[in-house]
Amino acid sequence: MNPLLQDYARILLEWNQTHNLSGARNLSELEPQITDALKPLEFVKDFKSCLDIGSGAGLPAIPLALEKPEAQFILLEPRVKRAAFLNYLKSVLPLNNIEIIKKRLEDYQNLLQVDLITSRAVASSSFLIEKSQRFLKDKGYFLFYKGEQLKNEIAYKTTECFMHQKRVYFYKSKESLC
C-alpha cells in the first residue's frame, strides 16, 4: 500500500476510536477495504470527474482520489461527523482534488455533470440511478460497490458486473439506460 493510503488508514483508525466511522478496528481489517475501493481501477474507463454518494469514512472516494490526483471528486456526505472527518482528511493529505458537500443526494441541486458516479453501501442500485443520473454525463458510468443483494435490487447484464471475492462491482453506462 502506498504511503498516502497508509496515512489515510492510520487517520481513519485514529478517528474510529472515538467516532465509530468504520467497522474496521485495525489495519488488517482496513487494508482489504482499501484494496476493494481501488480494484475497479483495473476495469473502469478513464475518468476525470467523480461524484461519490454517501462518502462516509471515505471509501471508495478517498483511495480513488489519492490514486487519481488528476481527477476531481465530489463527496456527498450528509452526516456531520463523517463530513468533518472528510474535511480533516482534506486538510492533512494531498487531496486538493476533492470537494466535500454536506448534503443528501436528494437535496443536492448542483447542475454539474461527471464521468463517474460511485457509491458503496448506501442504497439500492435502482434508487441511486434514479436519483443521480442527472449528474452523469451522457457517456458516463455508474460504479456501485455491491454484494450478492444486487440481484434483488435491479435487473442487470452479466457484462455490467465484475466480481472480486465477495464484492460485486456494478458498472453500468448511462447510455445503456435508454
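Every residue number used here counts from 1 along the chain in the order it is shown.
Placed from the backbone N, Cα and C atoms, the Cβ positions cover glycine too.
Small disclaimer: the values here were computed from a predicted structure and weren't measured.
What Swiss-Prot lists as S-adenosyl-L-methionine binding site is G54, L59, L105, E106, R120, and the listing cites sequence analysis.
The structure, with features from Swiss-Prot marked on it.
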residue: G54; record: S-adenosyl-L-methionine binding site; DSSP class: coil
residue: L59; record: S-adenosyl-L-methionine binding site; DSSP class: coil
residue: L105; record: S-adenosyl-L-methionine binding site; DSSP class: helix
residue: R120; record: S-adenosyl-L-methionine binding site; DSSP class: strand
Cβ neighbour count (within 10 Å, all chains shown) around L59 (S-adenosyl-L-methionine binding site): 24
Long-range Cβ environment of G54 (S-adenosyl-L-methionine binding site), under 8 Å and at least 6 residues apart: L76, E77, P78, L105, S119, R120, A121, V122, A123
Maximum Cα-Cα separation in Å among residues G54, L59, L105, E106, R120, which the record lists as binding S-adenosyl-L-methionine: 20
